[in-house]
Amino acid sequence: MTGRLDEDLKDVTLLGNQNTKYLFEYSPEILEVFDNNHPNRDYFVKFNCPEFTSLCPKTGQPDFATIYISYIPEQKMVESKSLKLYLFSFRNHGDFHEDCMNVIMNDLIKLMDPRYIEVWGKFTPRGGISIDPYCNYGRPGTKYEQMADYRMMNHDLYPETIDNR
């Protein structure tokens, strides 16, 4: 099968919509999915999101990050414009870096039920320290659970320089 029919995309309402509303408060309900046309194949989908912002829950100061989201889909896939708007909704959300990454991962698991997913935030330094939280998930009782354990054990083994933001 090649291409998609309009009926296949009936739940995709934000893509191509010229009346997009940008939400400034955390809004997981904005996320949309579409069907994976290749559910019998393992493959990664990776999003590079270089303009993520949130607020420090204590000081209210802005935090900036590039977020990397990689997943192996099952039946559903997240639509990219809805993901962009969802990430934008963190703009005025006060939470620690680690919490933001886990919230994003949990929302995407709830939305798509992927075989595997990982979310990595590379935050710009504030106060001379950068924080790069990484979280992952593999579907329990499957090879993806073992994959998650392996990737967690081997994650970020090599030191890096701060100029890779």
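Numbering starts at 1 and runs along the chain as displayed.
From the backbone N, Cα and C atoms, a Cβ is placed for every residue, glycine too.
Pulled from Swiss-Prot, these are the features on record:
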ACT_SITE  Cys56  active site, thioimide intermediate
ACT_SITE  Asp63  active site, proton donor
BINDING   Val78, Glu79, Ser80, His97, Glu98  substrate binding site
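Known features from Swiss-Prot, placed on the structure.
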{"residue": "Cys56", "record": "active site, thioimide intermediate", "CB count, 10 Å": "14"}
{"residue": "Asp63", "record": "active site, proton donor", "CB count, 10 Å": "21"}
{"residue": "Val78", "record": "substrate binding site", "CB count, 10 Å": "23"}
{"residue": "Glu79", "record": "substrate binding site", "CB count, 10 Å": "20"}
{"residue": "Ser80", "record": "substrate binding site", "CB count, 10 Å": "14"}
{"residue": "His97", "record": "substrate binding site", "CB count, 10 Å": "19"}
{"residue": "Glu98", "record": "substrate binding site", "CB count, 10 Å": "14"}
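Reported as a whole number, the C-alpha separation between the residue listed as 'active site, proton donor' and Cys56 (active site, thioimide intermediate) equals 7 Å. Of the recorded residues, Glu98 (substrate binding site) and the residue listed as 'active site, thioimide intermediate' place their C-alpha atoms 11 Å from one another. Using a 10 Å Cα-Cα cut-off around Cys56 (active site, thioimide intermediate), the binding-site residues Val78, Glu79, Ser80, His97 reduce to His97. Largest Cα-to-Cα span within the substrate-binding set Val78, Glu79, Ser80, His97, Glu98: 24 Å.
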